[in-house]
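What follows is a single structure, written as structure tokens, with notes after it.
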């Protein structure tokens, strides 16, 4: 912002008129891009219900704070051309910078703590910390702003009003000191989280290491953005304290610090496939009116509620998973039909959905459901279902009812498989949606899906599944033959 006049501003900053004009233009560009980025994130969170969870609440508060700060700053930059030290506009500008920046930093720290709490500590109720977050993120900046206003240290400092160049102690005590402390704590929390997930990755037998490295990057990219956007601000203030005012450092300070909201928004969008598919499908709509990107827009539109990674077309992994899933369903149906022919003679058989067991036991999501205290993996469900059915095996009436239900379920499974095959044929561009509760945190918000090794260490997942089904067949046949022998002896 141009304050007082060009000559006095240049004298205060040590920059020429051309350098000061360039800094002013950079400031406006940074303000507008930050406003656009935060608005897009808030729009996406408002429109996409799958993104409404504890983590995205924190991101929403960060973007809301940054948006309010940038809006007020932009208005003051555009309308207040001639300010003087001690004016209301000058004090307002300084307060907006101090309060808004500190609040954004603290929300970033809360985001780091929440991710650590969810992944490492497996906190079942992360929402209980939100009230403390609000007190922490709103009260601390307020205290710092009140101290700044009460000390009379606000002056015109170039493109904005803030703590004067001669008050280096107040600058670092009220602003850059807390910044360094917040960044250090956030980096420690992210480091502990990354170390934990890295150990899980190393202990797995998954070959998909590249994808896991992508998840690792998503855990730390927002803290990298946090550092890069403010590192030149720290450098510039240290240099200013030495009575030096290099123009290029000041311009980088202006652009990056004001653009923190924009780059943080880009990071949040990148970490959420749901978000960028939704936004990309909207952005491409005008181009489709002229015949451009029609197929791409249609694919993004179909997959905008899909939390998988590849937005355009069906990836090879997705195709293999679809083929494997359909093969398992067909195998299970044949297996269930064979079981139903012997249910009257064999009451000890337990009907299980092997494909669900395989899917749930091989993939674990580090997500905490809103209504459940702990996430239960597929293997636990498998055991619980088996135990509950074993408890009912001694009742003849329940056996007859179970046989009828099994027959109906098999018919439904056959119909569902036919429908699935038709859907896969007709919707080749739609990727399979992850098998997760919609109330749980989307995996790509915090990038923490870790594959669990197969139950048998020497078999592939496909062989493990076949072994499960073959063992069930053998157990059923052996039991059936033993029952026949008992009947013949009688």
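Using the three backbone atoms N, Cα and C, a Cβ is placed for every residue, glycine included.
The structure displayed is predicted, hence computed values, not measured ones.
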If Swiss-Prot is the reference, give me the range from 217-235, 274-292 marked as transmembrane segment.
217-235
Per Swiss-Prot, the candidate from 85, 345 carrying the annotation N-linked glycosylation site:
85
Tell me if residue 55 and residue 302 end up on the same side of the membrane in Swiss-Prot.
yes
Quick one: mean pLDDT on the topological domain 'Extracellular' (79-94)?
79
Which of 24-43, 95-120, 174-192 has the most Cβ pairs closer than 8 Å to the transmembrane segment (247-271)?
24-43
Proximity of the transmembrane segment (217-235) to the transmembrane segment (95-120), 3+ C-beta pairs under 8 angstroms:
yes
Which residue counts does DSSP yield for the topological domain 'Cytoplasmic' (44-57) in the helix, strand and coil classes, in that order?
11 helix, 0 strand, 3 coil
Across all chains shown, how many C-beta atoms besides its own are within 10 angstroms of the C-beta of residue 85 (N-linked glycosylation site)?
13
